[in-house]
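Database features (TrEMBL):
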- 11-265: domain 'Protein kinase' (DOMAIN)
- Lys40: ATP binding site (BINDING)
- 263-282: region 'Disordered' (REGION)
- 475-508: repeat 'WD' (REPEAT)
- 561-593: repeat 'WD' (REPEAT)
- 616-655: repeat 'WD' (REPEAT)
Amino acid sequence: MTEDAPVGGRYRLLDAIGRGGMGVVWRAHDDVLDREVAVKEVLTPPGLAADGEWYARTLREARSAARLRHASVITVYDVAWHDERPWIVMEFVPGRTLADEIAGGPLPPERVAQIGALMLDGLRAAHAAGVTHRDVKPGNVLLDGDRVILTDFGIAAAEGMTALTASGAILGTPSYMAPEQARSGAASPASDLWSLGATLYAAVEGEPPFRGPTAMAILSALLTEEPRPPVNAGPLRPVLDGLLRKDPALRIAAEEAAALLAPTARERRASPPRRLRPPTPIAHLSPDTLSLDALPCVVSDLAFSPDGRTLATALPDEPGLPAAWLWDVASRQMVHSVSRSKNGRDAARVRFLPGGGLLVSDGAVFTLTRPKVPSRRLLAAHERFAQYAMGSRSGEPIFATKSADSPGVLLYRFGEAGIDLGRDNGGLGSGAMVFDPDGVHLAVVTRERDLDDSRAVGYKIELWDVARARLVNVLTGHRGEPRAILFAPDGSRFLSRAPGEQPRLWDVLRRFRSPLLTTLDTHARLSGPQAFDRRDRLAIADGDTLHLWKVNRDPRRVASLHGHTGGINDIAFGLRDQVTVTAADDAAVRVWDTATALHGASGPHGRSEAASVAVLTGHDGPVLRVVANRDGTVLASAGGDRSVRLWELSRRGRR
């Protein structure tokens, strides 16, 4: 799709950013006005014909939204005809959806109140213009910093227009549909308010008020049962009770809902920045004296929890230190400590599971923990692991280990005993190993040997199917040992890099021809960090230079960015991969606009200057690690000055 002719002759599709039963939303570039836009490719729902009626409904969506001018309503720019059907061109919003936020767990009532108040502002503007949304739900709410935007007026009804399809089908989402809408298909501003209440209920409770295995089961519960009482809502209970009244005549009006939301929304305040303090001696450490600004050591690893509320800091093997600390992001207070095992002599590593549990390894023990819950040891070595990897599959932890006293690699999955993946080529040893993000494949670096004299002649990377514990591919060609190995987020691409050699990019799914896609042969053969984003882009650092590659069908380097005066140590992506972030030895964290780097025009001093968004300073020494939370709105950086700093990214705050 992305290589077809531009939609309407001007909108060049880049990548799909949203998908539903009624359409696919693409990030696109407007070649005429040189800007990013969102383009909705309209799909016909199952059971409906792709006829004039459906296309008329598409145009109605565009006209309904185009009538509205409000910060909390998506802006529609154009309707383009392509492939004999209409495509809607809209404002591009880089944030995540509210549904994405809820997937990480319930949100605090104060945050939900703030979101609800802004949603309500947008709905009131729509209702004043005679437009009923008809499908308010978390997936149709975009979050971009402090901005909240209602989108997808795909089944919106303006006054005087038909509410049902010709076949009588009711359009909407059962979990968030008002009872009167489910009965007759009739929608009104009051039904939008019910849907607002159901959306806020889901945000604060983590699930909608009515659930069921099928759409019919949900509709049955909606029509015959009362909503389950919320348990986390706190100050939001009155507004939820008022919005979720089944009789629309008894439902509270928008003005009353706004008045109920306002006090709780005002309670949400940004935490003020903190100044550096002298490091605290280890002998005097306690939860009350610990500070992210003045730690007793340099942090070895960082990770945000899926909901972004907790930051894990892994610690080096130093006397008196545990393996990791967990911090509450909002208060910056240490809330949990993970002890180090007797044989744990490695710098610890941390990884959060999708459900919020944290895996910690100190080189000898794998521990599962979470704040305020006793830690549980899942696996321990007799002495220590020579190599290991930890990951998750279907939410459950998985491990691969090679012990110093054992020649083989053991795979641990689903609580089973270790599965021996075979001897490692006559004792020539195993190197780095890593799982892909979904736990489908395990990559293990091993030595190749000469069949005549058993000497090592190079290195190969074995790819194992985790579910079947079966070897499915072998990547060959490295003379040196690959120390950097990395899967793309979707697991389809794999990067390997050995000191003194060019990085190699592989297609994991190729079975009957060479899986090598290309050698990235424009680099200076230095060893530096690398990272994939979720849009088929790869960032590789060589010294103080950041190289950006497109790695889809035709891998190619598309930009080289300069600005750091010291070597780059780590790379992350923020704002839904709209910015690339680098941490370097020059005590700076740099934020780069990825779209400008890839497509924009160069500034007076080159594309690097044009793409540079911000230089974050404050560390007193090299910045060693940088990570972003799940939606890329908050960064954490760890420096050689024994501090961790938190930074909030926002499009409004970009230079």
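Glycine is treated like the rest: Cβ placed from N, Cα and C.
TrEMBL: automatically predicted annotations, no manual curation.
In the predicted model, the repeat 'WD' (561-593) shows an average pLDDT of 92. If you look at the repeat 'WD' (616-655), the same-chain residues 6 or more away from its ends with a CB under 8 A from one of its CBs are 94-96, 100-101, 104, 143-146, 270, 276, 279, 292-299, 301-304, 306-308, 311, 313, 329, 332, 566, 569-579, 581-591, 593. A Cβ distance under 8 Å defines the sequence-distant neighbours of the repeat 'WD' (561-593), meaning residues of its chain 6+ beyond its ends; these are 17, 94-96, 528-531, 533-535, 537, 539, 541, 543-548, 600, 606-609, 611-617, 619-628, 631-633, 635, 637, 639, 647, 649, 651, 654. Take the CB of Lys40 (ATP binding site) and look out to 10 A: across all protein chains shown you find 26 other CB atoms. The repeat 'WD' (475-508): residue composition by secondary structure is 0 helix, 17 strand, 17 coil, according to DSSP. The DSSP breakdown of the repeat 'WD' (616-655), given as helix, strand and coil counts, is 3 helix, 19 strand, 18 coil.
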